[in-house]
Amino acid sequence: MVHLSAEEKEAVLGLWGKVNVDEVGGEALGRLLVVYPWTQRFFESFGDLSNADAVMGNPKVKAHGKKVLQSFSDGLKHLDNLKGTFAKLSELHCDQLHVDPENFRLLGNVIVVVLARRLGHDFNPNVQAAFQKVVAGVANALAHKYH
């Protein structure tokens with residue numbers, strides 16, 4: 001559960017309507033893989049991840065990033081039940097993929113960076129604070145199975 005004021009929730013959901021999930025998802029996952037290269041081990045089947053240009057132009061990275069951000073978008077519809085919304089993904093990432101739950105926090109922070117870059121002045125400090133709450137809540141929900 002994410003505790004947002006009415007103003008924060010309005011800002012998050014309002015700005016989310018301006019987000020191109022396809023583009024932001026690919027950029028966010030790509031940046032995660034470049035900035036935190038140890039995360040690439042989960043994506044060895046994606047082909048060439050040898051440098052930033054290869055990662056950012058990789059169609060499999062873009063496609064999976066889109067899928068990730070679509071799930072994040074679904075979570076925004078269920079801010080009061082993030083653990084329930086992400087329960088199956090938490091189980092998958094814990095039991096089958098063995099992803100370090102710290103990676104969820106890292107991805108959340110990268111999503112915030114990409115949103116700030118793309119939304120410019122609309123992504124003011126108050127909006128950033130609200131989004132940080134949301135990505136922290138999603139990361140916590142995804143890590144829930146690990147506890």
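Glycine too: its Cβ is placed from the backbone N, Cα and C atoms.
Going by Swiss-Prot, these are the annotated features:
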type: MOD_RES; residues: Val2; note: N-acetylvaline
type: DOMAIN; residues: 3-147; note: domain 'Globin'
type: MOD_RES; residues: Ser45; note: phosphoserine
type: MOD_RES; residues: Lys60; note: N6-acetyllysine
type: BINDING; residues: His64, His93; note: heme b binding site
type: MOD_RES; residues: Lys83; note: N6-acetyllysine
type: MOD_RES; residues: Cys94; note: S-nitrosocysteine
type: MOD_RES; residues: Lys145; note: N6-acetyllysine
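When Cβ atoms from all protein chains are considered, those within 10 Å of the residue listed as 'N-acetylvaline' total 21, not counting its own.
For the domain 'Globin' (3-147), residue counts in helix, strand and coil come to 119 helix, 0 strand, 26 coil, using DSSP. Lys60 (N6-acetyllysine) and Val2 (N-acetylvaline) have their C-alpha atoms 31 Å apart, to the nearest angstrom. In the predicted model, the domain 'Globin' (3-147) has a mean pLDDT of 88. DSSP assigns the residue listed as 'N-acetylvaline' to coil, not to a helix or a strand.
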